[in-house]
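Engineer: Okay, handing you the structure first.
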Amino acid sequence: MALRRPPRLRLCARLPDFFLLLLFRGCLIGAVNLKSSNRTPVVQEFESVELSCIITDSQTSDPRIEWKKIQDEQTTYVFFDNKIQGDLAGRAEILGKTSLKIWNVTRRDSALYRCEVVARNDRKEIDEIVIELTVQVKPVTPVCRVPKAVPVGKMATLHCQESEGHPRPHYSWYRNDVPLPTDSRANPRFRNSSFHLNSETGTLVFTAVHKDDSGQYYCIASNDAGSARCEEQEMEVYDLNIGGIIGGVLVVLAVLALITLGICCAYRRGYFINNKQDGESYKNPGKPDGVNYIRTDEEGDFRHKSSFVI
């Protein structure tokens, strides 16, 4: 038979728990504490947003409020000395006692914001809370580059790039309005193709194009704020005319052979030699052979001496 503890003893056993609870509540009283209804707000660019910072417990009627912005490892004041500071001046205000509202947010407002409260009359004088603000920007029309014509078996690279979206968009490619997988081997529908798509850079690479890869291509850039696409561009895959290439090479070789043969025939018939001799046989007729003109110091004029060979 179990022994029952008298009611008075049960009450005494509960007294330590009661005193601990009172002690705990006494520690909380007079300690400033903060909370937020949303620590990770997300907003579209050019909209307004409220950064929630609420005082739940404090014995100080007029605590000091400060807001700071933490971005790129730098900390700057947003609200200090009861004034909006920095790049938020003119487009932000304090709601209630501590919350911060921002109008017309831009992508540069994406950062960590720290709400700090100093209550001099409280047991715990300081408390703070950090809020991460994300400003989303819809992508603009991406720039797409698609080769117009590629021979069968050659490599081809398609590019898609967008620079305005935030967070950075992901890219997807379409051929004839059919979405392409990141790897052609992952889908039996594209078993005749060999390509790989990098959804982060927007690059679509064909290791060796086939005739089935011909078609209309376009790219879509998308993030949580929206999406945008470029205009369709056609890529044609054509067969190489091996017979025509060989025939063209043979024609060129035949023409070169005929030119060489003609030059050799002209040289053998003496066309180049006769022209050279004709040029060397030409002499100046102004001075006949066998006549010497000598001028002496005694004569003022020329004296003619001649020798004749008969």
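Cβ coordinates are placed from backbone N, Cα and C, and glycine is handled just like the others.
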Engineer: Among CYS115, CYS144, CYS160, which cysteine does Swiss-Prot link to CYS53 through a disulfide?
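Structural biologist: So the cysteine that Swiss-Prot bonds to CYS53 would be CYS115.
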Engineer: Out of ASN38, ASN104, report back the residue that Swiss-Prot marks as N-linked glycosylation site.
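Structural biologist: Going through ASN38, ASN104 one by one, Swiss-Prot annotates ASN104 as N-linked glycosylation site.
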Engineer: Which numbers of helix, strand and coil residues does DSSP report for the domain 'Ig-like C2-type' (139-236)?
Structural biologist: 9 helix, 47 strand, 42 coil
Engineer: So among ASN104, CYS160, CYS219, CYS264, all listed as recorded positions, which is physically nearest to CYS53 (disulfide bond)? Use the C-alpha atoms.
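Structural biologist: Result for CYS53 (disulfide bond): the nearest of the recorded positions is ASN104.
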Engineer: Measure from the Cα of CYS115 (disulfide bond) to the Cα of every one of the recorded positions ASN104, CYS160, ASN192, then give the nearest.
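Structural biologist: That would be ASN104, nearest by Cα distance.
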Engineer: Let me know how many other Cβ atoms fall within 10 Å of the Cβ of CYS53 (disulfide bond).
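Structural biologist: Looking across every protein chain shown, the total is 29.
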Engineer: Return the residues near ASN104 (N-linked glycosylation site) by Cβ distance under 8 Å, restricted to its own chain and a separation of at least 6 in sequence.
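Structural biologist: Expected: PHE46, GLU47, SER48, ARG91.
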Engineer: Which site among CYS160, CYS265 has the most other CB atoms no more than 10 Å from its CB, taking these as recorded positions?
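Structural biologist: Checking each of CYS160, CYS265, the winner is CYS160.
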Engineer: Quiz question: given the recorded positions CYS115, CYS219, CYS264, which has the greatest number of C-beta atoms lying within 10 angstroms of its own C-beta?
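Structural biologist: Of the recorded positions CYS115, CYS219, CYS264, the highest Cβ count within 10 Å belongs to CYS219.
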